[in-house]
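> First the structure, then my questions, so here it is.
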Number of protein chains: 2
Amino acid sequence: MSKQQAIGFMDSGVGGLTVVKEALQQLPNESVVYIGDTARNPYGPRPVSQIKAYTWQMTNFLLDQGVKMIVIACNTATSAALAEIKAALPIPVIGVILPGARAAIKATRNQRIGVIGTQATIKSGAYEQAIHRKAQQMTVFSQACPKFVSVVESNEFRSPVAKKVVAEGLQPFAKTGIDTLVMGCTHYPILRPVFQQWLGPDVTLIDSGAETVSQISMLLDYFEIANDQPDTPPMEAFYTTGSPTMFAEIASSWLQLKDLTAQRVDLTQLPQEKR
Amino acid sequence: MSKQQAIGFMDSGVGGLTVVKEALQQLPNESVVYIGDTARNPYGPRPVSQIKAYTWQMTNFLLDQGVKMIVIACNTATSAALAEIKAALPIPVIGVILPGARAAIKATRNQRIGVIGTQATIKSGAYEQAIHRKAQQMTVFSQACPKFVSVVESNEFRSPVAKKVVAEGLQPFAKTGIDTLVMGCTHYPILRPVFQQWLGPDVTLIDSGAETVSQISMLLDYFEIANDQPDTPPMEAFYTTGSPTMFAEIASSWLQLKDLTAQRVDLTQLPQEKR
């Protein structure tokens, strides 16, 4: 295990790039390998067993790239597969749900927290459980917003369609009195301005990805695997199971990296469990 | 290993209580066992081999209390013994230096950071190394302030003596242009108002203890040992090798816990290494 090995990030598509963006800022010495399973996106409506199988395929792909740590930068995959994968691997594996839950508890002033996510994430109850385990007094309102991911993956997040879909999706929160909303899907921060406009300035939006990167930083230190030889410039590599052109377009705009390229890979032949 | 076991904190005296104060606020479900080696305080002027031996004795005492995690809430002991103890034990062990270094890098705007600590901490160069490993561009000014700990341990931190000792100790920073000062000793936050008055409002003081508790919180989650059964009320137990009365007086005033009692213990018969 070398400290210069990359950190592996995975997501059902481009959403995990919101976590990578934070990582590039907070951890400039670290190399990054990213796999987005765009071809099989969205994960949210799929059964848990399938999400778990796909997440293992992404995990095995990242292990083949020799990563030193794995970040499941996808709430759906975290809720379905984090516990199993973390227990099975010798390298650190972290998800996005606990950091988001912790940040929401810290941010709320009226103890009323909203959570939005994919169907699978909301159905799992993972955020609600994580919040209540730490702070029983919180009232949590959860809402699946199945249409948001497609708006982001189809690169329509600046369009009027986005505004309409967000208004419909957030409507259930209108009378809840929440002062904090967890964006419980790593695709959602791309829609952040649209959310904030609909919710007004008094609601704090929690980006679980940004919180996750603080945790990554601490764990790199804890396990003594942070790259402390910054003379070797860090590398970024992006892989997708879908269209590399579309992926690279969204990624280079979101990460503000010029000359970003993505490679297409096939995950379907990889094991759907620990090998 | 039960999630309801306590977190063990150790320090050369009362300084680690600044970390416990944060823990009581941020982690209200967690039980706390504290050992302060007041009788052998200060650690700062002692040789590294001796600090290491004393730190192992505190560690063995905490292990006897059945703690689930050990926090070396003492910069001197962290710089001398964290690496060895962490590598030797099956439970998580964390120190206060890396969290403080991380916070200072985040806080500074002009990249000029001051560090104050005991002779042993400053001589070890631990903060300087930790800061430079993460951010080579920082200029770090380090200064040992051997008199500060005694002012705190003797309960004189509100007296004119404190003001005079602080002015002398911080004098070397007068022309450095630092905008951030790491209080690299857990005793020092008790002197915080005196520091801030001397430094003026534009210098950010970093309390490595507060930063450490955020890391404790994350590691409790990561290792899945946070107490999630808050129905059992958490307990606090305080042990000192010195005067229990004096210890309890400082501790109950600092932690704002009424009816706080401390027990005297003898560490000298415990092994000075892993048993």
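Glycine too: its Cβ is placed from the backbone N, Cα and C atoms.
Here TrEMBL flags A:D11, A:S12, A:Y43, A:G44, A:N75, A:T76, A:T186, A:H187 as substrate binding site. The feature active site, proton donor/acceptor is assigned by TrEMBL to A:C74, A:C185.
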> Relative to the Cβ of A:Y43 (substrate binding site), which residues of the same chain, six or more apart in sequence, are found under 8 Å away?
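A:Y43 (substrate binding site) has long-range Cβ partners A:S12, A:D37, A:I51, A:Y54, A:C74, A:T76, A:A77, A:T118, A:A120.
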> Which are the residues of the chain, A:D11, A:S12, A:Y43, A:G44, A:N75, A:T76, A:T186, A:H187 excluded, whose CB is within 8 A of where the CB atoms of the substrate site average out, their centroid?
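Surrounding the site, in chain order, are A:G13, A:G15, A:G16, A:N41, A:P42, A:C74, A:A77, A:T118, A:T121, A:V149, A:C185.
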> Taking the Cβ of A:C185 (active site, proton donor/acceptor) as the centre, how many other Cβ atoms fall within a 10 Å radius?
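Total other Cβ atoms inside 10 Å, all chains included: 33.
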> Among A:D11, A:S12, A:Y43, A:G44, A:N75, A:T76, A:T186, A:H187, listed as contacts of substrate, what is the widest Cα spread in Å, to the nearest whole number?
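Comparing all Cα pairs, the maximum is 12 Å.
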> I want to check the contact list for A:D11 (substrate binding site): same chain, sequence separation of six or more, C-beta distance under 8 angstroms. What comes out?
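A:L17, A:V19, A:Y34, A:I35, A:G36, A:D37, A:A73, A:C74, A:A77, A:T186 - these are the non-local Cβ neighbours of A:D11 (substrate binding site), listed in sequence order.
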> Determine, to the nearest whole angstrom, how far the Cα atom of A:C185 (active site, proton donor/acceptor) is from the Cα atom of A:N75 (substrate binding site).
5
